[in-house]
Structure formats: structure tokens, C-alpha cells
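Visitor: Have a look at this one before I ask anything.
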Amino acid sequence: MSSPAPAVVTVTGAAGSIGYASVFRIAAGEMLGPDQPVALRLLELPQAIPAAVGTAMELDDGAFGLLKSVEVLDDPRKAFDGANFGLLIGARPRTKGMERADLLAANSSIFASQGEVINEVAADDIRVIVVGNPANTNAAVAAAHAPDVPAERFTALTRLDHNRAVAQLAHRANVDVGEISRVTIWGNHSATQYPDIFHARVGRRSGAEYAADREWLVDDFIPTVAKRGTAILEARGASSAASAANATIDHVRDWVLGTPTDEWTSAALSSTGAYGIPEGLVSSFPVRSVDGRWEIVEGLEINEFSRARIDASVAELQAERDAAFNR
Ligand code: NAD
Ligand code: LMR
């Protein structure tokens, strides 16, 4: 049987920390599966091209059977030409003492122009994940500049927050991470995000039982998850990289290969108005992937405690969007 045509995967910021931690796993088939060949396009700023060339040399040295080609490019138009997947990682990372909001101005112009290019030259089935911060709003900006691409194909990474929440809940319950399901991250990939365990399954118990310990929930679990990025930045002196790459791969793999029918994960998608979240805001939701499309898991009961936290994060998203679109 002949193998499928290579999927064209464009990785922006490919020489950066997250890009470097992603591309070898993509080449190894961990993102699109063991039967899908890939053609990698590494997009970088001109000054980082030498580092990207070095990464391409190492990819060569991996002798990955699925990797059909690697191109290093500083021209977005060439990099996205015919692309099936866009991993929009390249951005200015937050450095110590800098608030995520400060990144908005610096980064939204990058995502506006990449959205335009994607609209013009990417494959009809292009699927985009924005990792570069502020990821939700950058995804909204890119989508707004790509009117011919369905908005649902522009997503942002909150899977890292989801995985962090799963790990913290597993530690609390003293169970394996595999025993945790149905956790949800709502809202923005920022300190206002709301990691919701009221619907979670924790082995044979319910997440609501753990949430009943309000002191742990409010003073420990929620801030640990929501401020984990800052804690890692403080500890490492650089923002999370391998865990962010891992979550990016989880996100795209589940998008393409699907999620179990009675479970869900978290991803930031353009809101359809579900759960009262204004249409078009790129917010994190409980999601399932069915036939290669993300669907929001609807109908979950949202209690007062959760509603207040979702609303606070959505208010921040609205403010970010207003700042990005009214510059
Ligand atoms: P990094 O500085 O190590 O790498 C960024 C790379 O992007 C650099 O090599 C830079 O040259 C490149 N770049 C910048 N602008 C570009 C452009 N216009 N086109 C192509 N390449 C460009 O940063 P990193 O640690 O890899 O982080 C990347 C981004 O991901 C940051 O914005 C960071 O805040 C964000 N992040 C998001 C999450 C999340 O969960 N959503 C988690 C961690 C980090
Ligand atoms: C993270 O959650 O680790 C990052 O988004 C932190 C950051 O601001 O780069």
C-alpha cells in the first residue's frame, strides 16, 4: 500500500525553545501518527536562520523515516504555501518582570500578517494552533485576517494548562494521571484562567468531592495551575518549553486523531456563544475532537463558583481583544 502524501507542517519560531522541543517529536510521528509522512517548514526571523539551519541538520541526523523534507525559511509566504498545519509558536516570549498584557502590542502585528498570508497561500484544510502569547488573542487576530479560512481552524493552546491541572489533581488524590478525566480549562491562557474540576473523574470518585475542600481549591489548586507559567519562568529563568511543546503535540494529535467519546480535553476555540461566552472570542472550553473537528462539549452545569471565575477570565479576553483590535 502506498503511503499518504506528506502533511506540510509549518513551525514558526522553529529555532526557539518550544520549536526546538517540538520538531523532533513531529518528525518521529508523535503528532500526526506513525503512518503520516511529514514535510517540515521551519520559519524564523532572519537573525535566527543559522540556528534553524542547525536544527535542520540535527533533524537530518535523526534519520526519521516519516520526515520527507525540511526547509528553513524566513519568508512567511513560502513557509505557509500549501501548509496543512501551522504551529504559530514564534513570538517575543515574556521575560522576567514583564506582564503578558505587555506582549499584546508587540505580538499582534506578527499574527495579523501571518493570518493574511495563511489566508492567501495555505492549503484549504489548514489547521492552526497559536502558542505565542497572548495566545488566545493572537489567534483571534490571525483569524480576523484570514476571512476565507473557517474561524474554527484557528485555535490557541490551553492544553498545557489542562495537563497542569490533571497533574495537580492527580497529586492531590494520590492517583495516576491516567485516572483523571473531564477536567476543563475555561477562558484565557493567563492567570485568570479557571481550571474546573467539578465535572472531573478522579478514579472512582468525582472531582466535586475534591472541590468541596474550598480551602485547597481556592488557595492551592487554582492558583498553582493558573500561575504555573510564572513559577516556571521564575525557576528556570525562561518560560516553559518542553511541557509547552508536549501540550502542542497533544493538541494537534487529538484534533487529527480524535478524543475518546466520553471524555474531553481543553482547547481555546472561537466561541460559538456556548456557555454565554461572546461569539468570536477565542476562549478555552471543554472540547472533543470528532472527525477532525473540535466540538465544544455543551450542557455542563455551571455553578455560581465556576460562573464568576469564567466571567472574570472572559472579561480579560474582551479587554485584550479590544486593545488588539483598536490599536
Ligand atoms: P523563544 O524566544 O525561545 O523562541 C521564539 C522564536 O520565535 C525565536 O527563535 C524568534 O526568532 C522566533 N520569532 C519571533 N518572531 C517571529 C516571527 N515573526 N516569525 C518567525 N519566527 C519568529 O520563545 P519560546 O520559549 O519558544 O516561546 C515562544 C512563545 O510561546 C512565547 O510567546 C511564549 O510566551 C509562548 N508560550 C506559550 C505557552 C502556552 O501554553 N500557550 C506556553 C509557553 C510559552
Ligand atoms: C506558560 O504558561 O508556561 C507560558 O505561557 C508562560 C509565558 O508567559 O511564557
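One-based numbering along the chain as shown.
Each Cβ is built from the backbone N, Cα and C atoms, and glycine gets one as well.
The domain 'Lactate/malate dehydrogenase N-terminal' annotation in TrEMBL covers 9-148. Per TrEMBL, the feature NAD(+) binding site maps to G13, A14, A15, G16, S17, I18, G19, N107, Q114, V131, G132, N133. Look at TrEMBL and you will find R94, R100, N133, R164 tagged as substrate binding site. The domain 'Lactate/malate dehydrogenase C-terminal' annotation in TrEMBL covers 158-325. Residues annotated as active site, proton acceptor in TrEMBL: H189.
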Visitor: Across the domain 'Lactate/malate dehydrogenase C-terminal' (158-325), what does the mean pLDDT come to, as a whole number?
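Guide: Value for the domain 'Lactate/malate dehydrogenase C-terminal' (158-325), mean pLDDT as a whole number: 97.
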Visitor: Highest CB neighbour count within 10 A among the binding-site residues S17, Q114, N133?
Guide: Q114
Visitor: Test of understanding: give the count of other CB atoms lying within 10 angstroms of the CB of G132 (NAD(+) binding site).
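Guide: I get 26 for this one.
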Visitor: Of all the Cα pairs drawn from G13, A14, A15, G16, S17, I18, G19, N107, Q114, V131, G132, N133, the residues the record ties to NAD(+), which distance is largest, in Å?
Guide: 20
Visitor: What is the number of other Cβ atoms found within 10 Å of the Cβ of G19 (NAD(+) binding site)?
Guide: 26
Visitor: Compare the C-alpha of S17 (NAD(+) binding site) with the C-alpha of each of the recorded positions N133, R164, H189, and give the closest one.
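Guide: Nearest candidate: N133.
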Visitor: Which has the fewest other Cβ atoms within 10 Å: R164, H189, the recorded positions listed?
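Guide: Each of the recorded positions R164, H189 was scored; lowest Cβ tally within 10 Å is R164.
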Visitor: DSSP helix, strand and coil counts for the domain 'Lactate/malate dehydrogenase N-terminal' (9-148)?
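Guide: For the domain 'Lactate/malate dehydrogenase N-terminal' (9-148), the helix, strand and coil counts are 64 helix, 25 strand, 51 coil.
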Visitor: So which binding-site residues out of G13, A15, G19, Q114, N133, R164 end up within 10 angstroms of the residue listed as 'active site, proton acceptor', measuring C-alpha to C-alpha?
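Guide: Final answer, ordered: N133.
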Visitor: For G13 (NAD(+) binding site), what is the tally of other C-beta atoms lying within 10 angstroms of its C-beta?
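Guide: Counting Cβ neighbours of G13 (NAD(+) binding site) within 10 Å gives 26.
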Visitor: Identify which of the following binding-site residues, namely G13, S17, G19, Q114, G132, N133, place a Cβ less than 6 Å away from any atom of ligand 2, and list them by sequence position.
Guide: N133
Visitor: To the nearest whole angstrom, state the Cα distance for the pair G13 (NAD(+) binding site) and R164 (substrate binding site).
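Guide: Rounded to a whole number, the Cα-Cα distance is 24 Å.
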Visitor: Give the distance between the Cα atoms of G19 (NAD(+) binding site) and N133 (substrate binding site), rounded to the nearest whole Å.
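Guide: Each residue's Cα considered, G19 (NAD(+) binding site) and N133 (substrate binding site) end up 14 Å apart.
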Visitor: Within the chain of A15 (NAD(+) binding site), which residues six or more apart in sequence place their C-beta under 8 angstroms from its C-beta?
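Guide: Spatial neighbours, sequence-distant, of A15 (NAD(+) binding site): L42, E44, A48, I49, A51, A52, G54, T55.
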